[in-house]
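Novice: Let me give you the structure first, and then I'll get to my questions.
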2 protein chains.
Amino acid sequence: MTEPNNDLLPEGLEDRLPREAAATTRVMRAIQDVMHGHGYDRVLPPMIEFERSLAARMDGINQRRMFRFVDPASLRMMALRSDHTPQIGRIAGTRLAAAARPLRLCYAGQVLTIKGDALDPARERLQCGAELIGADNVAAACEVVAVAIEALRAAGARGISVDFTLPDLVDTLAEKAFPLEPQQIEAVRRELDTKDAGGLVDAGGEAYVPLLYATGDFETAIEKLAAIDAGGALASRIAALRAIAGALGGAARLTLDPSERHGFEYQSWLGFTLYADGVRGTLGRGGTYRIAGSGSGEVATGFSLYPDGLIAQVADGESGADSVFLPLGHDRDVAARLRSIGWRTVAALSETDGAEALGCTHVLAGSEPVKL
Amino acid sequence: MTEPNNDLLPEGLEDRLPREAAATTRVMRAIQDVMHGHGYDRVLPPMIEFERSLAARMDGINQRRMFRFVDPASLRMMALRSDHTPQIGRIAGTRLAAAARPLRLCYAGQVLTIKGDALDPARERLQCGAELIGADNVAAACEVVAVAIEALRAAGARGISVDFTLPDLVDTLAEKAFPLEPQQIEAVRRELDTKDAGGLVDAGGEAYVPLLYATGDFETAIEKLAAIDAGGALASRIAALRAIAGALGGAARLTLDPSERHGFEYQSWLGFTLYADGVRGTLGRGGTYRIAGSGSGEVATGFSLYPDGLIAQVADGESGADSVFLPLGHDRDVAARLRSIGWRTVAALSETDGAEALGCTHVLAGSEPVKL
């Protein structure tokens, strides 16, 4: 039996080396600056909590995906967070319960899961996002979607697109327009998920078939959705989607997939997914929801970004920053002045230190950096 | 038996609410910007690793202080990091083994331990720092101490002081000047630690007694140290300390406690501790060392800051930032322009939202913010 190599990292965990770490710093700062600018206050919950505390506010998030362990101090189970959202809900519902609503909070940090997924084996990911607590109206949705887009753009994303969905669509239609027996609802949802028109008819959901075609480019799809005769049951939702699209005014490419539920099982009337050109998979998602756990069940609107794919893209496009080599005996005041105007400096520590070997683009000659 | 309250956080773990989180963001950015400016490249190791991997590079760091758990994927023990230093050593010794030396790396993030200490019950702390790998000469020490001071100052610390020590002092003297039997060395170290002159004499370390008085204000103490007749054994150390103090040129108050070992058990010739006015306990420490673990054992010089005390001080002194309330129907372009010049905006989402309730200092009237 050979000794395990102590230098190996566990599967799904990685070091970010200088190039990617620099891109990480820049992307995370840019996203946070946009959220801050729109009045979202950052909060910093701990990396670990009691498992029950996270689980109680994690409707629909699989707590079996969390790293869990016994706290030697309390002998209770703790978990590493796999999502910031329940922590933000806890803070809003406890220490900030008396703060004025709507309450704007944001967060940025790592989340960990015991397993990656098929597309992305990472078990540690960055997550940042904003939550607007106490509001889930059209104005709240407009703001949250706009802030998400602006944050991604500021972080370097190009060709951003937003795919809207109406997570409670089937419930709404079943109640107000196209009645279904309780046992039919789940079958209709399932057939819509698989986009199977024949299956929908078999499940007694013939009236729901046109929903399968009200997808794609927003303007076209919303017309098709509006054409579905539902006795006005969808009128307010359609008006809301149009208001949001109008408010975004071309900031992103918009699409609609009104019956999409994957990932939106706990959203209320609105869900959206964010994409950008050249970034595989989703960059984030959001929507309106009701905070799970203790009592109140406040309404909220928010988004979560998973910027790792964007960070990789930004890092690829990066040329290293200029830096100036400071020879032995350089003038320290000159070096300090250069740093104060944005230069990076790399000081020689011995005769053998060389500017080029250390990756410098310039060398200090007298009081000026000279390009190598 | 009552149900545990799911809203409670475990002992030693806390949420940082907006005021303290804002101070955290500002302090951490300021420290990182200084390290970046001096050519230190950030790396981002994962929050968790194999326990053995951390332990192998953690000479003297108590691995029993780490949260540990079984990785369901590998069935090996993992741990939450309690210190970034072994992770930086691993990166330098593996993926960056071929990078030119000296290699400047820096880091910033959370560390966790299963127990706080008597003075500070926190089990999650922020840690940031810089490591200069491949150099431990006087020039390296000058740079590292200067960067640490500049980083603390940029983060808002006032009245910074640096306490120097010579961690291998007893070994050096025992070998070159005041011989001790191997079994006496530990006793002499212990009596120096307790500053007990009588005990020192009893332990056969009479020649070491003057060290007890070579402490305090740097200029006075270094004179006393120089006056200890040690046949030149300390000459190079004294010259090095004087060179470092000279290079700092009044950037901090300097003290010397040459026989202090607490916290420097694995430092080589130099150690230092950082303090600031109004911040309880130490803000950081650093020194020269040899990287533990796999083979090479490269020399290095670095510092670690634990800025939580400084963050609390900065947060206390903080008056909330100005922010401007955007009434319903405001001009979005005006709001975007205000944000682009640094304003925070808080948009009304309904008729009931009010500027004062939401903590705004200004309200947008036409195209200008008007003070409330």
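Along the chain as shown, the residues are counted starting at 1.
Glycine residues also receive a Cβ, built from the backbone N, Cα and C atoms like all the rest.
Sharing the feature lines straight out of TrEMBL:
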| type | residues | note |
| --- | --- | --- |
| BINDING | B:ASP83, B:HIS84, B:THR85, B:GLN127, B:GLU131 | L-histidine binding site |
| DOMAIN | B:12-309 | domain 'Class II Histidinyl-tRNA synthetase (HisRS)-like catalytic core' |
Novice: Quick check on the binding-site residues: of B:ASP83, B:GLU131, whose CB has the lowest count of neighbouring CB atoms inside 10 Å?
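Specialist: Selected from the binding-site residues B:ASP83, B:GLU131 on minimum Cβ neighbours within 10 Å: B:ASP83.
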Novice: Using the CB centroid of B:ASP83, B:HIS84, B:THR85, B:GLN127, B:GLU131 as the L-histidine site centre, which other residues of the same chain sit with their CB within 8 A?
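Specialist: In sequence order, the nearby non-listed residues are B:PRO86, B:GLN87, B:ILE88, B:TYR107, B:VAL111, B:GLY129, B:GLY302, B:SER304.
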Novice: Max Cα-Cα distance in Å among B:ASP83, B:HIS84, B:THR85, B:GLN127, B:GLU131, the residues listed as binding L-histidine?
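Specialist: Comparing all Cα pairs, the maximum is 13 Å.
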Novice: Counting Cβ atoms within 10 Å across all protein chains shown, which of the binding-site residues B:THR85, B:GLN127 comes out on top?
Specialist: B:THR85
Novice: With H, G and I counted as helix, E and B as strand and the rest as coil, say where DSSP puts B:THR85 (L-histidine binding site).
Specialist: helix
Novice: Is B:GLU131 (L-histidine binding site) helix, strand or coil when read with DSSP?
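Specialist: In three-state terms, B:GLU131 (L-histidine binding site) counts as strand.
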Novice: Within the chain of B:HIS84 (L-histidine binding site), which residues six or more apart in sequence place their C-beta under 8 angstroms from its C-beta?
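Specialist: Once residues fewer than 6 apart are set aside, B:HIS84 (L-histidine binding site) is near B:PRO45, B:TYR107, B:GLY109, B:VAL111, B:GLN127, B:GLY129, B:SER304.
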Novice: Quick one: average pLDDT across the domain 'Class II Histidinyl-tRNA synthetase (HisRS)-like catalytic core' (B:12-309), no decimals.
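Specialist: Summarising the domain 'Class II Histidinyl-tRNA synthetase (HisRS)-like catalytic core' (B:12-309) by its mean pLDDT gives 93.
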